[in-house]
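A.B. asks: Okay, here's the structure, questions in a sec.
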Ligand SMILES: Nc1ncnc2c1ncn2[C@@H]1O[C@H](COP(=O)(O)OP(=O)(O)OP(=O)(O)O)[C@@H](O)[C@H]1O
């Protein structure tokens, strides 16, 4: 699959752009703050119906304007897909596939698989477990629509349980009876979520290790370990045993909403022990494994967006990364960089079709 052209009006600092892309490596080069990442984000928007960086939709409209429009023409398994999104201030966003508006945006998720690698992914390492759960959930729901439904239902049950806990000052038989209902719901759905997360991580980790080894040159042992209360025994029992404590705290301390991933480098937490370059390599390997996973599932390669990937990687790692993504299993790639010369030399080595776009103050010019 590949994006043939992209038209933008008023998306962040890009006031107007009409960009024809090649079915190879497309490069956005220019100084800091020029709008290179915003261009990647516009591509991301067409796949996920939202920005990768800013979940407040209205903040993605160019400050001086009242609306934005992004349009993209894709070649997907040899059929044409025209995707259109428009947002006016204080109005509902319009999202259309081949001129037909979606009734639910979730119907679109997964149609145009895409993987973004960005410096902001560091939050997966440094921030709380909710970031890592969100990450798993966003990947799994791209290939399994029923998974998203289970997450929504689980979160609803959790919210009801927490509301009960907050309202109550002590455990009594009335409260116990009400909690029974939500505990059962949470365990029923939580077990299914746990099984799907386990299956996903089991398939992802060996591919992730291979990619990391390739990027780092083979000397560092990395691992990703899935941690869940469901591995530690009967969660229904745990929920019951912890009710007194949950009432005091006002929230639910056991269940799938506490799942986490441990990121390890030579058996130690990457967050504490990893250098900046090692953290970056770790995240790149993770995202490439995700790419491979989605690629196997769909039978074609997703679009790959590489934002500022060469920053903080030594030259060796940068070269090995580009060698990797120039293999045939990767198809269309978008790369941003501040250094046109550096990127030119790197891309040249791949022997792949490429196109350069110069970005200055939100204006984009194709390089002949
Ligand atoms: N809604 C908006 N309206 C106008 N400008 C915006 C809006 N949102 C963000 N910007 C501007 O977009 C610019 C950032 O663009 P972007 O992140 O794409 O830069 P970049 O070229 O990737 O820079 P770097 O090389 O530093 O990563 C900032 O100057 C920011 O002020």
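Quick reminder: no glycine exception, Cβ is built from N, Cα and C everywhere.
Look at TrEMBL and you will find 30, 31, 32, 33, 34, 35, 36, 37 tagged as ATP binding site. Among the features that TrEMBL reports, domain 'RecF/RecN/SMC N-terminal' is placed at 2-343.
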A.B. asks: Please list the binding-site residues from 31, 34, 36 whose Cβ falls under 6 Å of any atom in ligand 1.
C.D. replies: 34, 36
A.B. asks: Starting from the Cβ centroid of 30, 31, 32, 33, 34, 35, 36, 37, which together make up the recorded ATP site, report each further residue of the same chain whose Cβ lies within 8 Å of that point, ordered by sequence.
C.D. replies: 336, 338, 359, 360
A.B. asks: DSSP secondary structure for residue 37 (ATP binding site), reduced to helix/strand/coil, please.
C.D. replies: helix
A.B. asks: Any idea which of the binding-site residues 30, 33 has the thinnest Cβ neighbourhood at 10 Å?
C.D. replies: 33
A.B. asks: Which residue among the binding-site residues 31, 35 has the fewest other Cβ atoms within 10 Å of its Cβ, if you could check?
C.D. replies: 31
A.B. asks: Quick one: give me the count of other CB atoms within 10 A of the CB of residue 37 (ATP binding site).
C.D. replies: 23
A.B. asks: Can you tell me the three-state DSSP label for residue 30 (ATP binding site)?
C.D. replies: coil
